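Everything on this sheet refers to the single structure shown next.
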């Protein structure tokens, strides 16, 4: 692991995680990038050095540290043209932010176009020396992080606008495509009798994965950096950008067991060891498992997740019992997604810079129709009714700068105002289920915060809005470094072929 102070050098390099070689965007030479780690209370100083040379995968970049509140450092959140101009090739930019009150499992990824699909993504863990769950596990280290990623043999800009599935699923950076079932699989080692805190991170650009380990139950203790009451399950459907910590008790016979991560579309199943990795007990032979998948009898259901420590839900316990309720009406026209009639097109001037330059109202902020101005210290409710008008469901939605209470989950018609889970990415479900996923949060963090579908191809198609929170206080609460102010003039001077 690297951090909390680290250089992250971004380059193009050939990589063959599934036996097929292609150019990718790598961090310090690898994809997924290295684990970034620190402790609660740390100041992270992450210097991103742009040495990219391949315009097909973009030469500019911008990195989002997913799940961090960035209170007072909205400029360090990362989304290109929301919070900053991209970093230009041959330049670097220091992301310098404090993590005073968050711990758990996070990740980082490019937040420029579809660049993270080409490899710029990796896990991020903030440890809590006083973790309330500490007595439940014996091991929690670099080797207990499990990343899931969809991998494509074609660069995102050269492939279809909306791919019909990945070529391979990578578990900890290794996997197999159906075309080559001899590629090496990841091996995760355990010692019989020990309890492991595994941190499952979806680095996905598109599919959700149903994750399971043959012969073992998984006890969930953390959801997107929020501690949860322990919940025992035998499979976890994890959507793009979500994270779960689960405890695995290595109490089975010494052997090899299949680890499975089945995508919801594309190359599904496990023939030839696709969508798989290996759980190997110490003392087991170095061979592939022969275990069989059993039917899941206790799959994760989001409504069964509850905060470890009682957390009040913003607003009052009734539908619309908030200071401001917003409905997000989805649409699609064959090439672009729309929310309430607007498809998000990145503005040439980042939204934060517009605010710092004096723009205050939704009418003044660009892109027109995509910026929602929220009052300070208010309870906000957002509903996302699933609709056949927005294909590619379920759409996982992510709000930057916050965790939110999921008062109505996908697959449920119940509103829970007493003990719903708080998280930062939520599945908005399917029209077939009649879903109307509803979230609540408090505006306690001034700045423009992106709210978008985390299927990166859908985001590229405009499936996003900006929540501009407490606009009058943004300038005073988010002083920007000179290096940030220099990003836009440098970027704007690039030739198109250097963007």
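Numbering starts at 1 and runs along the chain as it is shown here.
Using the three backbone atoms N, Cα and C, a Cβ is placed for every residue, glycine included.
The feature Cu cation 1 binding site is assigned by Swiss-Prot to 64, 398, with experimental evidence given as support. In sequence order, 66, 241, 424, 425, 450, 451, 452, 453, 454 are the residues of the chain that are 6 or more apart from residue 398 (Cu cation 1 binding site) and have a CB within less than 8 Å of its CB.
Neighbour count (other Cβ atoms within 10 Å of the Cβ, all protein chains): 27 for residue 109 (Cu cation 2 binding site). What Swiss-Prot lists as Cu cation 2 binding site is 66, 109, 454, and the listing cites experimental evidence.
If you look up Swiss-Prot, you'll see 111, 400, 452 marked as Cu cation 3 binding site, on the strength of experimental evidence. Around the Cβ of residue 400 (Cu cation 3 binding site), the number of neighbouring Cβ atoms within 10 Å comes to 27.
Residues annotated as Cu cation 4 binding site in Swiss-Prot, with experimental evidence given as evidence: 395, 453, 458. Following the DSSP three-state reduction, the secondary structure of residue 395 (Cu cation 4 binding site) is coil.
Under the heading disulfide bond, Swiss-Prot lists 85-488 (among others), citing experimental evidence as support. Neighbour density for residue 488 (disulfide bond): within 10 A of its CB lie 17 other CB atoms from the protein chains shown.
Taking Cβ-Cβ distances under 8 Å and a sequence gap of 6 or more within the same chain, the neighbours of residue 117 (disulfide bond) are 150, 152, 156, 205, 206, 456, 457. Secondary structure from DSSP puts residue 117 (disulfide bond) in a helix. Taken from Swiss-Prot, the feature disulfide bond applies to 117-205 (among others).
As annotated by Swiss-Prot, domain 'Plastocyanin-like 1' applies to 2-127, with the evidence given as sequence analysis.
The annotation domain 'Plastocyanin-like 2' is assigned in Swiss-Prot to 139-281 on the grounds of sequence analysis.
Marked as domain 'Plastocyanin-like 3' by Swiss-Prot: 348-470.
Feature annotation from Swiss-Prot assigns N-linked glycosylation site to 51 (among others); the stated evidence is sequence analysis. Long-range Cβ contacts of residue 51 (N-linked glycosylation site) within its own chain (separation 6+, distance under 8 Å): 9, 10, 11, 89, 90. Under DSSP, residue 51 (N-linked glycosylation site) is assigned to coil, being neither helix nor strand in the three-state scheme.
Summarising the annotation, Swiss-Prot assigns N-linked glycosylation site to 54 (among others) and lists experimental evidence as the type of evidence.
Secondary structure at residue 208 (N-linked glycosylation site), as computed by DSSP, is coil. When Cβ atoms from all protein chains are considered, those within 10 Å of residue 208 (N-linked glycosylation site) total 22, not counting its own. Positions annotated as N-linked glycosylation site by Swiss-Prot: 208 (among others).
Taken from Swiss-Prot, the feature N-linked glycosylation site covers 217 (among others). If you take the C-beta of residue 217 (N-linked glycosylation site) and look for same-chain residues 6 or more apart in sequence within under 8 angstroms, you find 232, 233, 234, 249, 298.
DSSP assigns residue 292 (N-linked glycosylation site) to coil in the three-state reduction, placing it in neither a helix nor a strand. Cβ contacts within 10 Å of residue 292 (N-linked glycosylation site), excluding its own Cβ and spanning all protein chains shown: 8. What Swiss-Prot records for 292 (among others) is N-linked glycosylation site.
For residue 333 (N-linked glycosylation site), no same-chain residue 6+ apart in sequence has a C-beta under 8 angstroms from its C-beta. DSSP assigns residue 333 (N-linked glycosylation site) to coil in the three-state reduction, placing it in neither a helix nor a strand. Here Swiss-Prot flags 333 (among others) as N-linked glycosylation site.
For residue 377 (N-linked glycosylation site), applying a Cβ distance below 8 Å and a minimum sequence separation of six or more within one chain yields 442, 443, 444, 470. Marked as N-linked glycosylation site by Swiss-Prot: 377 (among others).
Per-residue pLDDT, averaged along the domain 'Plastocyanin-like 2' (139-281), amounts to 99 for this model. Here is what falls inside 10 Å of the CA of residue 64 (Cu cation 1 binding site) among the recorded positions 54, 109, 111, 196, 458: 109, 111. Other residues of the same chain near the Cu cation 4 site, with their Cβ within 8 Å of the Cβ centroid of 395, 453, 458, are 337, 390, 392, 396, 397, 428, 452, 454, 455, 459, 463. Under the three-state DSSP scheme, residue 458 (Cu cation 4 binding site) falls in the helix class. In the three-state DSSP assignment, the secondary structure recorded for residue 400 (Cu cation 3 binding site) is coil.
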